[in-house]
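The transmembrane segment annotation in TrEMBL covers A:21-50, A:70-93, A:105-128, A:148-166, A:206-230, A:250-272. Taken from TrEMBL, the feature domain 'ABC transmembrane type-1' covers A:70-273.
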Amino acid sequence: MSATKSAPGQRHTLRVGDNPIVKWLLISVTLFLTVILLVVPLISIFQLAFMEGVAHYFSSLMEADTLHAVGLTLLVAALTVPINLVFGVMLAWAVTRFEFRGRKVLMTLMDIPFAVSPVVAGLLYLLLYGNNGWIGAWLYDHDIQLMFAWPGIVMVTVFVTCPFVARELIPLMQQQGREDEEAAVILGASGWQLFRRVTLPNIKWALIYGVILTNARAVGEFGAVAVVSGNIRGETNTLPLLVQAQYEDYQAAAAFASASLLAMLALVTLLFKAFVEWRQERSLNIESDKERKAVA
Amino acid sequence: MATHLTAANVRPRHKRVLPGLSLSLGTSLLFISLILLLPMTGLVMQTMDMGWERYWQVITDERVVASYKVTLWAAALASIFNGFFGLLLAWVLVRYEFPGRRILDALVDLPFALPTAVAGITLATLYAQNGWYGDVLESLGIKVAYTPWGIVLAMAFTSIPFVVRTVQPVLEELSPEEEEAGMTLGASDWSVFRRVIFPALWPALMTGIALSFTRSLGEFGAVIFIAGNMPYVSEITSLMIFISLQEFDFAAASAIASVVLMASLVLLFAINIWQARYLRRLHGR
């Protein structure tokens, strides 16, 4: 009996778990749990959204509050993503292209937003920029309101999503090494040319995926935004906050209709991730083919 | 151009050739200071203002202590569950070919892609008395929604991807030699798994569980809808901060938040040090 396709090397020795009974038992347990834990909840979002009919679904999406929440959510994402894109690329460039003291500390600091509870994140901003905070009091005197308004929502969203781009780029850039870029500099490329012609093509897909993740989280952030938004319906409600407000008002169908928009975005994110991984695998294969031919 | 290509320019490998150190490092430091470090000063000042006695009183309040216990227990159970489920998922995804494997691989990330509030209302509806799952569980005499089990469920859901994504790459790179040697010598699957594969996997598994635990401690959106939020029974610590804020008690909110923040920072540093150690050991070999 030959083994099932296991290692990429196509070995024909039996490996652990190759016994067909074990194999299919493990696969079916996994699929069963995945369906129960992930697939059914996903489907039920759409089922619940349409529970009062298609007409109700679309009419609740066309309500002024919902449209406003969609608009605000898009605005927050549109401001957050470019900020974190620039920061992520800068940080990844600094920590993968240079050795300096405190490099590890910098990378750990970058991870803090992942570890901190979003409610704590919101609180940090509220304490500093709220009317009682030391910056907030000064802003208040100058009639600038950041908290309980859209700028505050953008600020906490930037905080919560700032590690995503860098996190996608750092492992890839570390793996790719500095040789290509060093060669380009020696050949006389300017900084911007170097980035556009050499670095960017190499990190393109990871960068796009980082942006997609940042966007998904920026659109869906709840805890931090709930703290600083003040929850004024039709004014400072983002889509996730509207979902909560509608749900707590016993407008379940409307809540799930709004939620279905967010779920669709999540599905697009997942599809895109699968696509990016497929592209990366393909480009790796092409490269290793090239190398094999070059060696031969 | 050719004039630049002298040996002197090519050889020194440790000399800095690439541009942009001051620009990229400067921007990063400025950004981290503004976004991350500056806001923390507000918390420090607020807690310093309140005095030790009041601070201690707030963070050891009976209701708050009950919330620590619930949060810790639920996060521990959720991450242990994910240890098993994540290992199973990673194993099945790496070792087997079967129809739908790619879809399964993509689905694993759903909890990261789906906004937590959406996950929260969906789980609450599914597990409530008249929901699809709640109905079945009710007839078995089990209640999940609006009990601490609901908290465990929500935390487990939102942190499913951590263990899978830390174990998967290690499992992919595991060299088959030792495993095959064991198999040819006639050892059982289980004993080869226990003696050869598991020792190689467990640092990654522990990292995944620790990440899942950290994330669960801070989870808010998914939990509050399904927890029922009964004082002393099913209130999580993040909710205690949120409630204090709604009562405009900034001091109490800051005090509790400082405990949460310290706990998550300690966990984060511990995970980073642990990871650096086992990576070094891995490459040292």
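Yeah, the Cβs are placed from backbone N, Cα and C, and that goes for glycine too.
Through the fold, the transmembrane segment (A:70-93) approaches residues 106, 110, 150, 153-154, 157-158, 161-170, 173, 199, 207, 210-211, 214-215, 218-219, 236-240, 261 of its own chain, all at least 6 residues removed from its boundaries and within a Cβ separation under 8 Å.
Beyond its flanks by at least six residues, the transmembrane segment (A:148-166) meets 72, 75-77, 79-80, 83-85, 87-89, 91-92, 110-111, 113-114, 118, 121-122, 124-126, 129, 207, 210-211, 213-214, 217-218, 221, 224-225, 227-230, 232, 236, 238 of its own chain at Cβ-Cβ distances under 8 Å. Panel annotation: around the transmembrane segment (A:250-272), residues 42, 45-46, 48-49, 51-52, 56-57, 60-61, 63, 66, 69-70, 208-209, 212-213, 215-216, 219-220, 239-240, 242-244 of the same chain, lying at least six beyond its termini, place a Cβ under 8 Å from a Cβ of the stretch.
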